[in-house]
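First the structure, in the form of structure tokens, and then the observations on it.
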Amino acid sequence: MAQRRAAGSCCCPRAPVNEDNARFCLLAGLILLYLLCGAAIFSALEHPFELRARHLWKQQLDNFTQRYRVNLGALHTLLRQYEEANGAGIRVDTLRPRWDFSGAFYFVGTVVSTIGFGMTTPATIAGKIFLIFYGLIGCAATILFFNLFLERIITMLAYIMRWCHERRLKCAGVGVVASREESSSEDDSLEGWKPSVYYVMLILGVASIVIACSASTLYSSMENWSYVDSLYFCFVAFSTIGFGDLVSSQRQQYESQEAYRLGNCLFILMGVCCIYSLFNVISIIIKQTLNWIVGKFVCHGRQKRFKRNTVQPISSHCPRKTPETEAGAVNDGVNVGRRLSGEMISVNEFMVSNKVSLALLQKQLSETAHQGPRQSYGHHNGFSGGVGALAIMNNRLQETSVDR
């Protein structure tokens, strides 16, 4: 009887710390698997080309030394000297000056945006030391700018999606105007209706594609790149990967040079902002997928444990639909009720959670230092932890869920 009462009063008790650890380990394992698969695919695609290039280069060196009777060791010395000059920005073709004011402005833009193409790097000790402090402040300020941009773009998308939603209701004969008059306090609020995060991801994805395709058209005509190379450069630059194998606006002269350089900066700025916002939205969906997977395994394991120790039905040990879940709560990362349509996070929560709060961060640090890790509310809404913008977002979602 005691076992029955215990089972009836505690439906599938939670272990938030264990679930967080399981989610972290699952994500680490999936990332490792993703890296291994990516390495295998890129090795299969690129390694044969590397071998052919090495063989061709060896043939060219041998032909050159035999034709012009040049000592191979002296030629290697000259090539090494050219590599050093290449690192300082010296090229066979005439390029724009690297460290005049416009070149230096382009460089600091790649620093604070964390793109870091690598075409221009400081060579002096004073320049390297200054870069450390300059990048520390500049990168932090730029990340804050990206977060604020994300807040505003989500707000704009929310109003557009809400307008479309209300238009659809009007066309279906629903009295939206009457309901607005009854609750005028909700006119400027986004708390009532929760648009789909999937739609937000789709809109940001389409906007990123449009910007990338438009920029690629510009780059292919001005830089004489192929369209595929231009698209490749756009993704590498917009995602701040910044390999540096292709870099725009590096030649000394262009047709309509000032207009092109202005367009190049605007395209990179808009592309980085859109891709950053898109990455944040995708990270939410990835985390909810992990919550769903972990929740399935945890619930399945507890079902087996309760089945051995009690005579209660198995279905009573897993979360049931409650008024809270019908209103949009998330249990174990599984979308229930109306969230099955993808309405996972209200835009108001998403927007407010992205604001940087130094007081909140200080409180977290203080609680961690004096009392250990703060209590996790992941069992209420499926969100906890994270780094950067995702951490701020998750903390706000936790507080919102607990307050409710």
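Glycine residues also receive a Cβ, built from the backbone N, Cα and C atoms like all the rest.
If you look up TrEMBL, you'll see 26-45, 104-125, 131-160, 197-218, 230-247, 259-279 marked as transmembrane segment. As annotated by TrEMBL, domain 'Potassium channel' applies to 96-153, 209-286.
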Report summary line: Model confidence over the domain 'Potassium channel' (96-153), as mean pLDDT, sits at 89
Report task. May I have the DSSP-based helix, strand and coil counts for the residues of the domain 'Potassium channel' (96-153)? Result -> 41 helix, 0 strand, 17 coil
Query - Secondary structure content of the domain 'Potassium channel' (209-286), with strand meaning DSSP E or B - result: 56 helix, 1 strand, 21 coil
**Report entry** Stretch among 26-45, 131-160, 230-247, 259-279 sharing the most Cβ pairs under 8 Å with the transmembrane segment (104-125)
**Finding:** 230-247
Query - Long-range environment of the transmembrane segment (26-45) - Cβ separation under 8 angstroms, sequence gap at least 6 - result: 290, 293-294
Query raised in the report: Which residues of the same chain, at least 6 past either end of the transmembrane segment (230-247), have a Cβ under 8 Å from a Cβ in it?
Result: 110, 113-119, 208, 211-213, 215-217, 219-220, 223, 267-268, 271-272, 274-275, 279
